[in-house]
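Chemist: Positions annotated as active site, proton donor/acceptor by TrEMBL: Asp243. Taken from TrEMBL, the feature substrate binding site covers Arg138, Asn140. Annotated divalent metal cation binding site per TrEMBL: Asn189, Asp243, in sequence order. For 51-303, the entry in TrEMBL reads domain 'SMP-30/Gluconolactonase/LRE-like region'.
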Amino acid sequence: MSNVVSLGDMEEESPDYEVKLLYPTQCLLGEGRSSQGSAFVKRVLLNRLLGPLYEPQTSTLHFVDIIKHQILHYNAVNHEITIDQFDKPISCLAFRTNGIGFAVAAEGGFAIVEYENNLPCLKYIAEPLPEEQQPYTRFNDGACDPRGRFLAGTLFHKEEPHFNGSLYSYDPETKECKLLDNQDITDSNGLGWSPDGKTLYFTDSFHNHIYAYDYDVDTGNISNRRIFVDALAQGLSSETFCDGLCFDDEGGLWSARWNGSCIARFRSDGTLDFTIRIPGALHVTACTFGGPDNDLLYVTTARCGVIPGSGEPAQQEQYPNSGDLFVVDLKGRFHGGIWRYKFGG
């Protein structure tokens, strides 16, 4: 059975592939159930997952668990998992041009993860959060621009003291960390660039918007913020929210839907193309392309009831695959694009 969700007149045609659920592999952190069929969405493990980053040289998918303060590494060839444990949350990853390990957005800012005696070590390089905000927020999703700057956003705080989410940039060449935008932003989420680097896309989750900015690659400055995707205006439920994103090589934007059990693909003009249902998972958090032909879509999800806004723990019984890692076989129809880059330090 196809898991593509038709959206009536907004969907010009159904894609020429199907999304199917494969057998579950051995779980690392728990047991779960999955449907069988002629199908190809594959559950890999149970966790609170997001921020996937695929490394083609080693066929490894790297991703994070914010709740458990972990970076996880899934080898797509032998299906082995290794875990790096930290004391504080890490929310997104970037490869580095000048060293091993990762650049990351961590709880308080931008940091480097290096390995000393095979043990992971987190070293902050910039902590820009104002002191009065530090008890109430953290950094969330982010990515690096074509010049190696790291952009990442924070979460808003709707209670007292109220403050907006913010988008920051760190330049490893100048060591400058600057605030790019904090105007009426809720929870910052997935971001990336157009192929020419001149447009930045940035997700504002609770407004259900994906913004576009004019982006100056030479200076790292942004301007002309406008709404690229208004999810509710295009018929998506007000009870579901834009989360992490990635791009294909046709300019399509793939946006995970928190509380929506799906990934939505938007065309290069921002109009909704179709959605792909992720079976048995309520909170779909992020996605990225990978695999030998760059046509597999890896999808992360979150367990129900583990953080405020993630529903009740009892919903986990209704959505038993929430918190699992999935892979969608796109059968060559779509391939990953270039939309994020290595950190320049």
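Every residue, even glycine, has its Cβ placed from backbone N, Cα and C.
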Chemist: Say we define neighbours as other CB atoms within 10 Å of the CB. Which of the binding-site residues Asn140, Asn189 has the fewest?
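Modeler: Each of the binding-site residues Asn140, Asn189 was scored by Cβ atoms within 10 Å; lowest is Asn140.
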Chemist: Please report how many Å separate the Cα atom of Asn140 (substrate binding site) from that of Asn189 (divalent metal cation binding site), as a whole number.
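Modeler: That comes out at 7 Å between the alpha carbons.
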Chemist: Say we define neighbours as other CB atoms within 10 Å of the CB. Which of the recorded positions Arg138, Asp243 has the fewest?
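Modeler: Taking Arg138, Asp243 as the recorded positions, the minimal 10 Å Cβ count falls on Arg138.
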Chemist: Which whole-number value in Å describes the distance between the Cα atoms of Asn189 (divalent metal cation binding site) and Asp243 (active site, proton donor/acceptor)?
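Modeler: Answer for this pair: 6 Å between alpha carbons.
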Chemist: Please average pLDDT over the domain 'SMP-30/Gluconolactonase/LRE-like region' (51-303) for the predicted structure.
Modeler: 95
Chemist: Taking just the CA atoms, what is the gap between Arg138 (substrate binding site) and the residue listed as 'active site, proton donor/acceptor' in Å?
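Modeler: Approximately 16 Å lies between the Cα of Arg138 (substrate binding site) and that of the residue listed as 'active site, proton donor/acceptor'.
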